[in-house]
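> Just dropping this structure here.
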Amino acid sequence: MLDIQLLRKDIDAVAARLKDRGYVLDVAGFAALEAERKAIQTRTEELQARRNSLSKQIGVLKGKGEDASGVMAEVSGIGDELKASAAQLDVVQAKLQDLMLSIPNLPHESVPAGRDETQNVEVRREGTPRTFDFPVKDHVDLGAALGLDFDAGAKLSGARFTVLKGQVARLHRALAQFMLDTHTLEHGYTEAYVPYIVNAASMRGTGQLPKFEEDLFRVPRKMGHSAEEGDGERVENFYLIPTAEVPLTNLVRDEIVAADTLPMMFAAHSPCFRSEAGSYGKDTRGMIRQHQFDKVEMVQIVQPETSAAALEAMTNCAENILRKLELPFRTVVLCTGDMGFGSTKTYDIEVWIPAQNTYREISSCSNMGDFQARRMQARFRNAQGKPELVHTLNGSGLAVGRTLVALLENYQNADGSVTVPTALRPYLGGQEVLKPAV
């Protein structure tokens, strides 16, 4: 969430920066709510001053033994007006809060301007795509003989679900463990195991709610009866996590942490659940776009002045996984029109997918600035001992399923077998090749 003072100070400048990312700020709507808020607050202050003045008069009149009933009646009436004003102010403040929650983050000055993904800027490319001397198969055809079962996934849960069995299931598990070990043992992250179901406050904290509820899997939960609701049973909405970023980042929600505890660096392996609303017809074949997929997530909680450098370091950590697996990749900085809602700057890492003859996103690393921290009220005590908002960052390190796809396709052999990258062999008992079932 943006600082509302930015809008109050220079809303036109904010609107111009948001326009760069394709967002049209409702300037008139904000101005109208602000005018209403100011009018109510001014009237409230006038009423409070009048009540204070009358209260003093009551004391004087009673001190003289004179009748104060008329003045007391007026004070009582002012009290009723103040209650009504407070209720009106609550309504306006709630509308302002809803508006602020719907506004995306401001792009960092270093982010290139652009309309969409076609105007993202490549910053580096590593590895050379392999030249095959046989017809390339995609991961669906390769995986069928190795344990990838899309039909079983569809039978159990519907489209965009997959069952992994045997060798490919072991490979999937090995990838996740390899990623976690690299981030914790080499990159300095602390491993965390987090809930896969979170409350609405957590989703609001990281920015999924209220704007992106249709992308989430909601889990209504009966919470018993409450006196206020009579005979009705209270139902509270919980949500399956779309990424471990949500629980990891919310660890500092409503906290004031000591400066010497920063940076906090967490890594977690979890399933992720996404409804993929709006993606009908996209990537319908295979594991590229699933309702449930595994990911190793990195999250950092840092002091504001270090977040820019932390983003570069986090992106390098994600790239290191691909370097170790010897998979060709490229890294792009997203332009203003392609950035995520809460990000101030994002790098996407794209891995080479031979069957598609292109690079596909496998990681997204973002600096959120104080955008999430303001929503969560996550703070630290600065050098002056005053609470200050932290900065938060998150990045995929990596999406396990997409890494599996890239590995199967890049390391395939003419006979349908798949060579295991050297870095993964210790996680598979030294196995060097995955051989298709006969």
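Placement of Cβ uses the backbone N, Cα and C atoms for every residue, glycine included.
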> Among S157, S363, S364, S396, which residue does Swiss-Prot name as a further L-serine binder in the site formed by T243, A244, E245, E297?
S396
> So how many other Cβ atoms are close to E361 (ATP binding site), meaning within 10 Å of its Cβ?
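Excluding its own Cβ, E361 (ATP binding site) sees 15 Cβ atoms within 10 Å.
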> When the Cα of T243 (L-serine binding site) is compared with the Cα of each of the binding-site residues R274, S275, I362, S363, which one is closest?
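Spatially nearest to T243 (L-serine binding site) by Cα position is R274.
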> State the count of C-beta atoms found within 10 angstroms of the C-beta of T243 (L-serine binding site), not counting that atom itself.
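Cβ-Cβ neighbours of T243 (L-serine binding site) within 10 Å number 22.
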> What's the number of neighbouring CB atoms sitting within 10 A of the CB on E297 (L-serine binding site)?
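Result for E297 (L-serine binding site): 29 other Cβ atoms within 10 Å.
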> Counting other CB atoms within 10 A of each CB, which of the binding-site residues E245, E276 comes out lowest?
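Looking at the binding-site residues E245, E276, the Cβ with the fewest others within 10 Å is that of E276.
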> For the binding-site residues S363, S364, S396, which one has the sparsest Cβ surroundings, going by other Cβ atoms within 10 Å?
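Counting other Cβ atoms within 10 Å of each of the binding-site residues S363, S364, S396 gives the minimum at S364.
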> Around the C-beta of I362 (ATP binding site), how many further C-beta atoms are within 10 angstroms, looking at every protein chain?
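There are 27 such Cβ atoms around I362 (ATP binding site).
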